[in-house]
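A.B. asks: A single structure is presented below for examination.
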Amino acid sequence: MVMEQLEVLKALDIAKTQLYHFTAIVIAGMGFFTDAYDLFCISLVTKLLGRIYYTVEGAAKPGNLPPNVAAAVNGVALVGTLVGQLFFGWLGDRIGRKRVYGLTLIIMITCSVASGLSLGSQPKTVMATLCFFRFWLGFGIGGDYPLSATIMSYAVDAKASLPPEADYIWRVIVIFGAIPAALTYYWRMKMPETARYTALVEKNAARAAADMSKILKTDIKAETEMVERLTTKPSNSFGLFSKQFLKRHGLHLLGTTSTWFLLDIAFYSQNLFQKDIFTAIGWIPPSQTMSASGEVYKIARAQTLIALCSTVPGYWFTVAFIDVIGRWTIQMMGFFFMTIFMFAIAFPYKYWSQKENRIGFVILYALTFFFANFGPNSTTFIVPAEIFPARLRSTCHGISAAAGKAGAIVGAFGFLYAAQDQDRTKTAHGYTSGIGVKNSLIMLGVINFIGMMFTFLIPEPKGRSLEEISGENDAHVDEVIHKPRQGNNRSMPV
């Protein structure tokens, strides 16, 4: 059966890349940049916070955050993100992507600045206010996940001996995240609501046609009758908690949530605690041998090197090949090589921790990041924005992303304790003994392997329009949703 499709959606699917698409890419990219920066900058900040507020005068080593404080500071934003993903994902399907996206950005701007201006001079006061504002910062970030994804899919075819400056450094690092969020807000508010939401959810054919006619610089007629007919069909009206959804998309939702959950256990463990892993193998000198600013510089330099040599190239490889070999293949391949390289550094961990072998460790460690980004760290974000119906797309993406943040919370809290040395005398101050870095890395390898298994639940969206992928507007939905088709007709969602 030939699928009915609105002219405005056909125009989107066949439109040549133009200025509007690049604008959307920049807007969504700035949103993603803000999310990543705000969530991961805390790994640098915690080092400074430990030195500033928890240094004991006369102690041999600089201060560290107590375990409960470190867990709270590292994890509270992730909890907020999880809540925000569920709430704003749902809200985006109710009142529109543009309006909700603007709200999330305002929250992010306000809370980024407020986090850096955390009140008080006593440790408990500063940590409490910092955690409060980082929770709400995470809440706003959570909204950016499903909304940026759906918009993007639419656009692609105690200060003691420390100098006062140390306190300013961490505040500036945190506040900086407000800048890209403010720029994103400005440009996003200049764009119209996404056409698929306007036509298929709001059922406003005239506005969808007018918006896209202006953007694509072509005449598109308003097909009011077809919109009414398509949106009132029984096959297009089932809800999230219905038997029809369970039958058509239940396994897909299980696939997107489970793979994102498993990925983020590994990915956030590695990212948030890179500094601890690099210190454990001796790539970064012991903290007592460096000043506060010197330690931050060395950690930032190591993380930047990893990013430039592995994570950034991984993303570009995804850009180059995602419409060639497909999302499913990239995700499966990524999980496979993450498993291989994680085991390669974990089992002979004692060998890699020797000074002459550290460069080999860093190379293999970097490759796990490369295949995370040329793999599931890209595809788990993309696929949920493509395979679910327009009226439920933001909600389903929010659920999938929230599952990812649940994994990130497990990684952030779990790795913090698990990676402590098995010898109680060698653990960081305030921590109990754990299973050690080696066994923690082995566990992450196992988690990556399980993620590879759950990837089998995800369909391949490559080369099909969004309506064809989700089964909207087609009586033979079950056939269409599973049937792979060749081609490079890039879908442009929501």
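Placed from the backbone N, Cα and C atoms, the Cβ positions cover glycine too.
Any TrEMBL annotation is an automated prediction that lacks curation.
According to TrEMBL:
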- 24-463: domain 'Major facilitator superfamily (MFS) profile' (DOMAIN)
- 475-494: region 'Disordered' (REGION)
- 20-49: transmembrane segment (TRANSMEM)
- 69-88: transmembrane segment (TRANSMEM)
- 100-120: transmembrane segment (TRANSMEM)
- 132-156: transmembrane segment (TRANSMEM)
- 168-187: transmembrane segment (TRANSMEM)
- 305-322: transmembrane segment (TRANSMEM)
- 328-347: transmembrane segment (TRANSMEM)
- 359-378: transmembrane segment (TRANSMEM)
- 398-419: transmembrane segment (TRANSMEM)
- 440-458: transmembrane segment (TRANSMEM)
A.B. asks: Sort out for me which stretch, of 69-88, 100-120, 328-347, has the most Cβ pairs below 8 angstroms to the transmembrane segment (359-378).
C.D. replies: 328-347
A.B. asks: Could you tell me the mean pLDDT over the domain 'Major facilitator superfamily (MFS) profile' (24-463), as a whole number?
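C.D. replies: Across the residues of the domain 'Major facilitator superfamily (MFS) profile' (24-463) the model's pLDDT averages 81 on the 0 to 100 scale.
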A.B. asks: Do the transmembrane segment (100-120) and the transmembrane segment (328-347) come together with 3 or more C-beta pairs under 8 Å, pairs six or more apart in sequence?
C.D. replies: no
A.B. asks: Using a Cβ cut-off of under 8 Å, list the residues of the same chain at least 6 residues beyond the transmembrane segment (305-322) that approach it.
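C.D. replies: Same-chain contacts beyond the ends: 274, 330, 362, 365-367, 369-375, 377-379, 382, 462.
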A.B. asks: Report, as numbers and ranges, every residue of the chain located at least six residues beyond the transmembrane segment (69-88) whose Cβ falls under 8 Å of a Cβ in that stretch; write 'none' if there are none.
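C.D. replies: Contacts of the transmembrane segment (69-88) (Cβ under 8 Å, skipping residues fewer than 6 from its ends): 38-39, 42-43, 45-46, 49-50, 54, 100, 103-104, 123, 127, 130-131, 134-143, 145-147, 268, 272, 394, 398-399, 401-402, 405-406, 408-409, 412-413, 416.
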